[in-house]
């Protein structure tokens, strides 16, 4: 088995060297996307596993968006933000997973330079947007539990639209714009030892000193990862105090149930995201980082709709109402 892996890696190195020779004048057309090539015996099983995960992601998130759109009971601020999170999950994984699945079966495991850059920009934008949207959802839960009588007054539709537009705008200017002005040319051999292209991986392929890029990544991550994370913690500390003051046990259970799903998503996403983007380049580990990226780019987006719906009485009730109306509409 080790001989097979060694020969495969040697062939990758030869192929990358040939590409670096043909890509004269610093013009890059393709890069080797290693993925799980170090474990060729696992590629077929992984193809079927990730195909199922991707289909679950698409079905779960699309179904959630449709359900919110057709059921008036779910047309509240919380589910408005959840729909944006679902759209983000679909767009993010669609940028990553289809190419990864194709390369699991392909003999020539490459990615075009343009698509590699697109993955880098999109993954950075979507990661920043998800952090901010999760913070907005925590703020929404804080207002709903700590100030329920004024909830609809504070979280009106105008405020919701402003918050979500602000989230996408801030994410763009805090991630895409700095990367555009600081990205450097890549040096050969053009081997991306990862499952897709993202900033921490490309830092190892830049030709010049990357101190500025590392500093910018930490600053950007502080604004789009740590700041929203602290806002989430602050919101839930206030929520915890408010819940502990409740005299009704039923009220406490209801309050905790509305927050448990969000806290689960936050824990999984932030745990992996902070480790990936808030550490120095010297702590990079190719195999470990592939597993970490799988969690926040592939697995977590598929789990989100399940986490938010399985134990959610409102979503289950809406689904039941839609299914009850379906035979009636079919009969007409």
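Keep in mind that glycine also has a Cβ here, set from the backbone N, Cα and C atoms.
What TrEMBL says about a protein is an automatic prediction, not a curated fact.
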Candidate ranges 191-210, 291-310; TrEMBL annotation transmembrane segment resolves to 291-310
Rounded mean pLDDT within the domain 'G-protein coupled receptors family 1 profile' (60-308) lands at 85
